Amino acid sequence: MSTLLRGGKVLVNDELVSKDIRIEDGKIVEMGEKLNVYNSEIIELDGKFVSQGFVDVHVHLREPGGEHKETIESGTRAAARGGFTTVCPMPNTRPVPDSVEHIEALNQSIKQHAKVRVLPYASITERQLGKDLVDFKALKEHGAFAFTDDGVGVQTASIMYEAMQQAAQLNMAIVAHCEDNSLIYGGAMHEGKVSKALNIPGIPSICEAVQIARDVLLAEAADCHYHVCHVSSKESVRVIRDAKRAGIKVTAEVTPHHLLLNETAITEDDAILKMNPPLRSEEDHQALIEALLDGTIDFIATDHAPHAADEKNQPMTKAPFGIVGSETAFPLLYTRFVKNGDWTLGQLIDYLALKPGQVFGLPYGKSLEVGSIADITVIDLDEKYEIKSEDFLSKSSNTPFIGEHVYGNVKLTLVEGQIAYQEGQHA
């Protein structure tokens, strides 16, 4: 039986246009106004916005090894609640997906428990120790989406160069958390006026930018697609912009929290605002927004990083880095940037859906049209609501945005035409 999404509105040339959508066998088979019902199951949308599903290439699902923070099941429920139909979990788990055995075990857990499409990363080095490279070819054959040691930077240039050479031969991407360990200095936040005022050790911006500068030259030499995770500083933006102008195959992402906040959000020793990379200066903050708009940064990824409440309820120097983002990304960005006229709705959808898929050559996140995969998110753009921890489907709610009032509530998420999330039905 087909499914008919009736009475929704889709984006056409930045205008919302009424269209019904018929789905059959996981694909869109018909679009138009007032389609015949035939024998379709009908879902009434009452004028709500219908978007292609979002693609998040940077999440932490914590399984295996960190199930008290998040599981594949809870993390993908949260993703679906946020409108994401494809997510890519990072390999900083225990064990690390650094072998065929480990990635196959992960694949089985995904098959059993995931509520949305999950494309797992494999690590670059064994156990993410930065020393011995994994078997790139074997891991690709067993479903690795790309290769990253996210959570730490690859410290040795020769290791990164060889990794890029192997990835390039397989037409795979190297995805990098960029951080020179010799420049961290035990920091817990950005090194700047706020860290000095609070007497909390800081991490300088150059810690990130130095490693990006090294890596773009290695990527050029290896002719490898090199993707930079969670860009946070104006220096990093400058390096990436120059590399793109030079024709180097570099792409980059930015998180919602780095687009929304800067270091001045931290007014006391509060680990809910501890993230890596840290919130930096207002100058950095504005550079990130400008870089996204001019294409230096390609898209938005959440870096959804759940932690248990007791882990975050510590001083910043002791608590883990990270905040959750799967369930809050769209409403926060829509409220801040689209509602006030800085961006169009189409731009936001490009950053969350279309461009992540394009950068990694995925068939997901593409525009809604006949023949496309029925990954669909339905959103009430006019509904205002408060972000509350008790409403989260994630096992964790470590975010500074609790209590914010936002617009853009996800009502329904479909993955290949099947309901992954429907408001009020969380079973």
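Each residue, glycine too, has its Cβ placed from N, Cα and C.
The active site annotation in Swiss-Prot covers D303 and is backed by sequence analysis. The Zn(2+) 1 binding site annotation in Swiss-Prot covers H58, H60, D150, D303. Taken from Swiss-Prot, the feature substrate binding site applies to H60, L61, R62, N92, N276, H307, F321, G322. According to Swiss-Prot, the feature Zn(2+) 2 binding site maps to D150, H177, H230.
Features recorded in Swiss-Prot, as mapped to the structure shown.
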residue	record	CB count, 10 Å
H58	Zn(2+) 1 binding site	26
H60	Zn(2+) 1 binding site	24
R62	substrate binding site	26
D150	Zn(2+) 1 binding site	22
H177	Zn(2+) 2 binding site	23
H230	Zn(2+) 2 binding site	22
N276	substrate binding site	21
D303	active site	29
H307	substrate binding site	27
G322	substrate binding site	24
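Within 10 Å of D303 (active site), counting C-alpha to C-alpha distances, fall the following of the binding-site residues H60, N92, F321, G322: H60, G322. For the pair D150 (Zn(2+) 1 binding site) and H177 (Zn(2+) 2 binding site), the Cα-Cα distance reads 5 Å.
Taking the C-alpha positions, the distance from H230 (Zn(2+) 2 binding site) to G322 (substrate binding site) comes to 12 Å.
The number of other Cβ atoms within 10 Å of the Cβ belonging to N92 (substrate binding site), over all protein chains shown, comes to 21. The 10 Å shell around the Cβ of F321 (substrate binding site) contains 18 further Cβ atoms across the protein chains shown. Within the same chain, residues at least 6 positions away in sequence whose Cβ sits under 8 Å from that of L61 (substrate binding site) are E70, T71, I72, G75, T76, V87, P89, T93, V118. Proximity to H60 (Zn(2+) 1 binding site), judged by a C-alpha distance within 10 Å, picks out none of the binding-site residues H177, N276, F321.
Closest in space to H58 (Zn(2+) 1 binding site), of the binding-site residues given as H307, F321, G322, is G322, taking the CA atom of each residue. Each residue contributes its Cα atom, and for F321 (substrate binding site) and H177 (Zn(2+) 2 binding site) these two points are 13 Å apart. Other residues of the same chain near the Zn(2+) 2 site, with their Cβ within 8 Å of the Cβ centroid of D150, H177, H230, are H58, M90, T148, G151, V175, A176, C178, C229, N276, D303. N276 (substrate binding site) sits 9 Å from H177 (Zn(2+) 2 binding site), taking the CA atoms of both as reference points. With respect to their backbone Cα atoms, R62 (substrate binding site) and H177 (Zn(2+) 2 binding site) stand 17 Å from each other. N92 (substrate binding site) sits 12 Å from H177 (Zn(2+) 2 binding site), taking the CA atoms of both as reference points.
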